[in-house]
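Read through the structure below, which is laid out as structure tokens, and then see the notes.
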Amino acid sequence: MLTFYEDANNPEAASPNAMAVDPPEEHIVEPNGTETGDVAIITPDSTENATVMLANDFVAMKDHVLPPLVEEPHVLEDQIFTWEVVSWANMTKKEHGPAFQAGGFPWRILLFPFGNNVDQCSIYLEHGFNNNEVPEDWSCCVQFALVLWNPNDPSIFYHHSAHHRFTKEESDWGFTRFLERRKMYAPWENSERPLVENECANITAYVRVVEDETGVLWHNFNNYDSKRETGFVGLKNQGATCYLNSLLQSLYFTNAFRKAIYQIPTQLQEESMNNSAYTLQRLFYQLQTSNTAVGTAELTKSFGWETRHIFEQQDVQELSRKLMERMEEKMKNTENEKVLAQMFSGKIKTYISCINVPYESSRVEDFWDVQLNVSGNKNLLESLQDYIQVEKLDGENQYFAGEQYKLQDANKGVIFQSFPDVLHLQLKRFEYDIQRDTMMKINDRYEFPEEFDAAPYLDKEADKTEAWGYQLHGVLVHSGDLNAGHYYAFLKPNKDGWWYKYDDDKVTKATRREVLEENFGGPFKTPNGPTRTPSQKKTPTMRPNSAYMLVYIRKSKLDKVLCPVTAEDTPQHLQQRFEEEVAAREARRKEREEQHLYLGIKVITEATFQQHSGTDLTSFDANPEQDPAAPRFYRQLRNSTMQELVDTIGEDTGLDPRRIRLWIMVNRQNKTIRPDQPVMDLRPTVEDTFNRATAHRDQALRVWVEVAEDINADGEAVWPTYRGQENGVIVKNDLILLFLKWFDVESQTLKGVGHTYISKEKKVEELVPIIITKMGWRDKLSSDEKIQLWEEIKPNMIEGLKAKQTLKAAELQDGDIVCFQRMHEKKSRLGLGESKPAEEAKVSDRFDDAREYYDFLLNKKTVKFHAHPQKCDPQQFPSFEMVLNSKMSYDKLAEKIGDRLEVDPTHLRFYTVNASSYNPRTAIKRGPNQTLLSILNPTGYGQLNMNQRPDALFFEVLDMSLAELDTKKSIKITWLSEGISKEDQYDVLVTKSGQVEDLIAALIKKAKLESEEEGGRIRVYETSNHRFFKELERAYPVISINDYTAVVAERIPEEELEVKDNTQFISVFHFHGEPSRAHGMPFRFLLKENETFAESKKRLEKRTGLKGKSFEKIKFAVVRRSQYSRPQYLNDDDVLWDVAANEDDFLGLNHPDRTRSLRNGVSDLFLKG
């Protein structure tokens, strides 16, 4: 029997609830057994009710099992359906209940009476569509409850509730562990009857279909497409750049700003990617045209940010201001120079106005945003009123109004003279908590309206001819606490229409409630009172998310600010650049897809060989677009023939293909790559030829192009060797193919000349006439000049050739390289190459023979030199590169760099470079056996040297020679000039045999201080871990100063000059919260007997140089040396002399470390480009 009950109540009468009740330890599981974390509300039955609830009282039960939802969606329909189950024990493993309608769709109950792979009853709700009848993209948002109850005693029941977005993919939802089977048959609580009695029970489904107003209610966002659903795209988060993304989206949808950015001239492509205006244009254009989320890497790179900056959350207000400043700079001297100021800048007047006399002091300033107090104010209007609150100056606080009026009662305050078209309001959610002595996030409830009138906050003399009404355009939200959180934005792109939520790469529609109520902050609110009873929790649960920046647009300027941005507004060069990039990406994509069809061909020609200045015939890794000596590169279909490859090369080089012959390049055992033999049969495919080429280690086919010098009457090439016969036989004669290189001693260059054929039976000296002819030297050689010959066997083996030896005896073969040079006979008795030990090859700027030059090629290194950023002026000594021999000694290196810098080489000191930070490492010690190679690639230190750049050095130009420097000790000393509030760092050189007296004299000279006679005596002391270590006597030897302590110098305060007894001093240090968290500059403080601490504090204020609030916030305590002792905080009437009775007691100053920039400890925000 079936019972069908339709709720007659108003389906729109929803009772919103913004807080979920406590879920039980139950699991919502899909029928396939997969656990899911996307579970909403699960409410177990409770029998502790004032009145007995009956399962057949469907109206009361519906209110009990379907509590108000957090999202407060509009209810479309409620349906109640009961399935009467009989013969429970005889049911199959999986049963479907009868279908019923709700919200215009079919539904049914899915039951696993014996459990879905668990020892519990499993019950689900599923849609009732037949297979293959589910509409594409169908979804339905449902809140539902399933109640299992005894039809004979409706007071016995058990239920679970949930909500879910049903889709074609997620067709069922419910409870795998609905109820343990043993409990179903056991007597129920306070009853002798079981829930399932006589194998019968009822299952009632309460189904509430709600409106999915935004299209993303309870969405799992799998395969979600922002562009398709909203028409907009998000921004990718690089690490911790959500704050940047929320600001950029806000500025992007300030259409007038976007137009202004597009009008910045950025046509100079060569410097564009370092130009933040250009990268911002690119970002905005991509947000307009892209179908997927857009990256911000180009923009942040143009800011000069590195990886560490990407993972640091910065202050949005500061970022907004710096970005505006940068864009204003880019707009200077253009017609839009004042556009940003007109759009975002208003005017505010700061004044002091006398009440009884006509006297006012005031100044008017521009403002780009307004910072409003959240603490102590309930809403935006109260904050604005608080901002312009008038302070009365009277009594002892009267204002001096000049000689004419003297002291007068006055009003002090600020008042707005005008507001900008786009008003940025910064809500001060982060403030310093003096009780906790730290920054805290204010989570108080703070309301802001969709519209407000700014006229009440304007000066009475302000222009009010046009209304000052403002409409909310954007809400930037912070979710989380002080140290960790997430940023996102709610924006209204058009004057009318939807709000949208921009959460990094995801864009969704948003309701007014999401924009306003959910971002007011404060505790979670429910219309029915507290979510939890007082016994459950006394303090309310605070929302983690709240608005921190509001964007309002003046209503009369809405059309101007939100003007349409069309393709015509986009710079033409920007569109063209993107079209080119899209085409290039498409070409690369197509190339990747078709890559398996093609084979790369690297081709050495006579022209590339003649440009080659290194070893072998070429460098196969070189880029042909940048290096004329690089082999030409062709992409050839793998199934194309070698004849087609020859035709392609001929067409590209302008040569007759009939005169072209290709030689296969192979890897020799000595690791050189040389031609092996020519390809005589052009019918095989390039892939077959590639596969037959032995010992290739390249993914491309490598060939050398030979061009025939002679042709027959038919225009066919006549080859010197490997000639084909009519019968198809290839004949190899005794000619061998040699490549010739010329080492030009005068220009110190090595170049390819070409190739030649010569019989291997001929003598080496018979190569000389061939070389003279090729070089055109027949009449240019003097009588004492000879040609010297070498064989380039491999880069580190260059052997001289003997004149009378045959080529065969010299073991020359096809593809070998002979290097020649002109040499005067007095330098070479034979006129040909002679061997000498490689270690005798000199390391100098000029090489007299080819072997020496080859040795230089083998060991040459391009090194970048930079002036030391702290010890040398980069403006005076700009960075440069030099090609050097890695065998050169330290002194030779110093000589070369000294010549380049025009400084004495003995006054140069070098530093290695940290590979991660690019900062200088330690200074390089000069040694007799050191070479450039051992400096750049030191051995024996393992992991330590992996973090060193092998191609760069810093240099420092010294005031003295290194030899003299070795007699001195370098001491880093901190000079305190204003108490301890100002620190200046100096590197001072003192003779190693000197004393602290000499250190003081050197400091006075280095820092240009007044002498001790004029400015007062100076003392020097050491500190360690932010604590005072010891004072150094003036006769103390500087060689004994500890390298692991910090050295500090200061003028001795007047009151301490005559004090000789060290027991009258107490060591002072700074800490924050716990004495173990020490920071700042320690010092010694003079104790005075019977002096109250109130008087001591006055002296401490003078001694430290800290003033005003910085000093007032300090809490003072005596700290015992024992690490386990707690600080003993001092009162004004305490006597420090008495409290600090032990010699090893410290005076601790408890206050935050103000030297740490920004609240998250991150570095200062900067924009470079």
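Backbone N, Cα and C atoms are what each Cβ position is placed from, and that goes for glycine too.
Note: TrEMBL annotation is automatic and uncurated.
Feature region 'Disordered', per TrEMBL, maps to range 1-23 of the set 1-23, 277-299, 737-759, 1128-1150. Annotated by TrEMBL as coiled coil, the relevant range among 317-344, 373-400, 653-680 is 317-344. The list of residues near the coiled coil (317-344) in space but at least 6 beyond its ends in sequence, with Cβ under 8 angstroms from a Cβ of it, reads 243-244, 247, 251, 254, 256-257, 260-261, 263-265, 275-277, 280, 366, 368-369, 371, 420-422, 424, 426, 549, 561, 1165-1167, 1169. Residue counts for the domain 'MATH' (78-207) under DSSP, split into helix (H, G, I), strand (E, B) and coil, are 8 helix, 76 strand, 46 coil.
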